[in-house]
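As recorded in TrEMBL, the features of this protein are as follows:
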- ASP246: active site (ACT_SITE)
- HIS14, HIS16, LYS99, ASP246: Zn(2+) 1 binding site (BINDING)
- HIS16, LEU17, ARG18, ASN41, HIS136, LEU218, HIS250, ALA262: substrate binding site (BINDING)
- LYS99, HIS136, HIS174: Zn(2+) 2 binding site (BINDING)
- 12-303: domain 'Amidohydrolase-related' (DOMAIN)
- LYS99: N6-carboxylysine (MOD_RES)
Amino acid sequence: MNTKLRIRRPDDWHLHLRDREMLAAVAPWSAGLGRAIIMPNLVPPVVTGAEAAAYRDRILAALPENVTLRPLMTLYLTEATDPADVLAAHAQGIIAAVKLYPAGATTNSASGVRDFDRVRPVLEAMAGAGIPLCVHGEVTDPAVDIFDREAVFIDRVLEPIRRATPGLRVVMEHVTTADGVAYVRSGDNIGATITTHHLVINRNHILVGGIRPHYYCLPVAKRESHRLALVEAATSGDPRFFTGTDSAPHPDRAKESACGCAGCFTAPNWLQICAHVFEQAGALDRLEGFTSLHGAAFYGLDPNPDHISLVRRDEPARWPERITAGGETVTVFDPGFPVHWHIEDDA
Ligand SMILES: NC(=O)N[C@@H](CC(=O)O)C(=O)O
Ligand SMILES: [Zn+2]
Ligand SMILES: [Zn+2]
């Protein structure tokens, strides 16, 4: 039997589109979105309003014609960021948010923040203007176990920042722990994105039976009890939790390596997989909130005006195992089970 679910066109509140050949190869896979928050961790990073405007133009040029995707740009916060530039870029509609990477926490984060006191004037300006701060929430202290870095970040960095900057709107990006979920639920002016892959894999998927580089991302997937907390949060209907795929393409050569880099490429199949997760949780009626309503509300935007349909069919949905980008291949995230949800664009 076919089941059809019609929902507002989804948005993605955490997306890596990269640049040059990779941008050209991956952008069409996100063309069905309404809006996407575009991450600024290019090499070199997108630091100024002018750089964000130029990057937005490169993204628009890489998209097929007549697509709906509206890229919402972000600035990469550095210790040298000028509050006036952030405010001007926001006032001109160039940026929707600012991204905080603790220096060294993840891919291309070397220019991130080491001393959080040095960005206080920017954060205060953002709080005053209502500009959200998107946070990669992991400490980089080598003494902290990698599986504890999100929980420790909340106590050592995030809570002090939020106390010192009342009114600052914060998105805890790609939350991966029950601690993160509980923290988001405990406060005001805070939301969280949850990725599709963290809804379906736990740390065993990365390590049991051999090292699976295509399941390695940051924050690293945690134990099963945390995955269950993420599924509960995503499917609960709580508007503080919304989709951020963190689709993060890397060449297979860079992932299948003695020191493989972090990131899962989920743009081609994240929505189909999300429908599966919500179906399994008996929460299909809450899928639209998670993919299409809660994030827009957090960012003060209306839902997209148009709709798509998700149709459950007996035959599994298909997507390529890998795509090519320039001379490289990029492996598409494999959920490890058949997914029967297919997308139909109603636009
Ligand atoms: N999530 C990842 O594992 N990687 C992201 C960076 C990030 O979002 O932390 C990337 O840019 O590759
Ligand atoms: Zn991150
Ligand atoms: Zn990311």
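Don't overthink the numbers, they just go from 1 along the chain as shown.
Note: Cβ is positioned from N, Cα and C throughout, glycine not excepted.
Curation does not apply to TrEMBL; its annotations are automatic.
Structure with TrEMBL features highlighted.
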{"residue": "HIS14", "record": "Zn(2+) 1 binding site", "Cβ contacts under 8 Å, 6 or more apart": "ILE37, MET39, CYS134, GLU173, HIS174, THR193, THR195, GLY244, THR245, ASP246"}
{"residue": "HIS16", "record": "Zn(2+) 1 binding site", "Cβ contacts under 8 Å, 6 or more apart": "ILE38, MET39, ASN41, ASP246, SER247, ALA248, PRO249, GLY263"}
{"residue": "LEU17", "record": "substrate binding site", "Cβ contacts under 8 Å, 6 or more apart": "LEU23, VAL26, ALA27, SER30, ALA36, ILE38, MET39, ILE59, ALA62, PRO71"}
{"residue": "ARG18", "record": "substrate binding site", "Cβ contacts under 8 Å, 6 or more apart": "VAL26, LEU42, PRO249"}
{"residue": "LYS99", "record": "Zn(2+) 1 binding site", "Cβ contacts under 8 Å, 6 or more apart": "MET39, PRO40, ASN41, THR74, LEU75, TYR76, LEU77, LEU133, CYS134, VAL135, HIS136"}
{"residue": "LEU218", "record": "substrate binding site", "Cβ contacts under 8 Å, 6 or more apart": "ALA105, THR106, THR107, HIS136, GLU138, ALA262, GLY263"}
{"residue": "HIS250", "record": "substrate binding site", "Cβ contacts under 8 Å, 6 or more apart": "THR107, CYS261, GLY263, PHE265, VAL330"}
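Checking the binding-site residues HIS16, ARG18, LYS99, HIS136, HIS250, ALA262 against ligand 2 with a 6 Å cutoff on the Cβ atom leaves HIS136, in sequence order. Same-chain residues that are not part of HIS14, HIS16, LYS99, ASP246 yet have a Cβ within 8 Å of the Cβ center of the Zn(2+) 1 site turn out to be LEU15, ILE37, MET39, ASN41, CYS134, GLU173, HIS174, THR193, GLY244, ALA248.
Residues listed for substrate, HIS16, LEU17, ARG18, ASN41, HIS136, LEU218, HIS250, ALA262, cover a largest CA to CA span of 19 Å. In terms of local Cβ density within 10 Å, HIS174 ranks first among the binding-site residues HIS136, HIS174. The residues near the Zn(2+) 2 site, meaning same-chain residues not in LYS99, HIS136, HIS174 whose C-beta sits within 8 angstroms of the mean position of the site's C-beta atoms, are HIS14, MET39, LEU100, TYR101, THR106, CYS134, VAL135, GLY137, GLU173, ASP246, in sequence order. The recorded positions near ligand 3, defined by a Cβ under 6 Å from one of its atoms, are ASP246, chosen from ARG18, ASN41, LEU218, ASP246, ALA262.
DSSP assigns HIS174 (Zn(2+) 2 binding site) to coil in the three-state reduction, outside any helix or strand. Taking the Cβ of ASN41 (substrate binding site) as centre and 10 Å as the limit, one finds 22 other Cβ atoms among all the protein chains shown. On the 0 to 100 pLDDT scale, the model's mean across the domain 'Amidohydrolase-related' (12-303) is 97.
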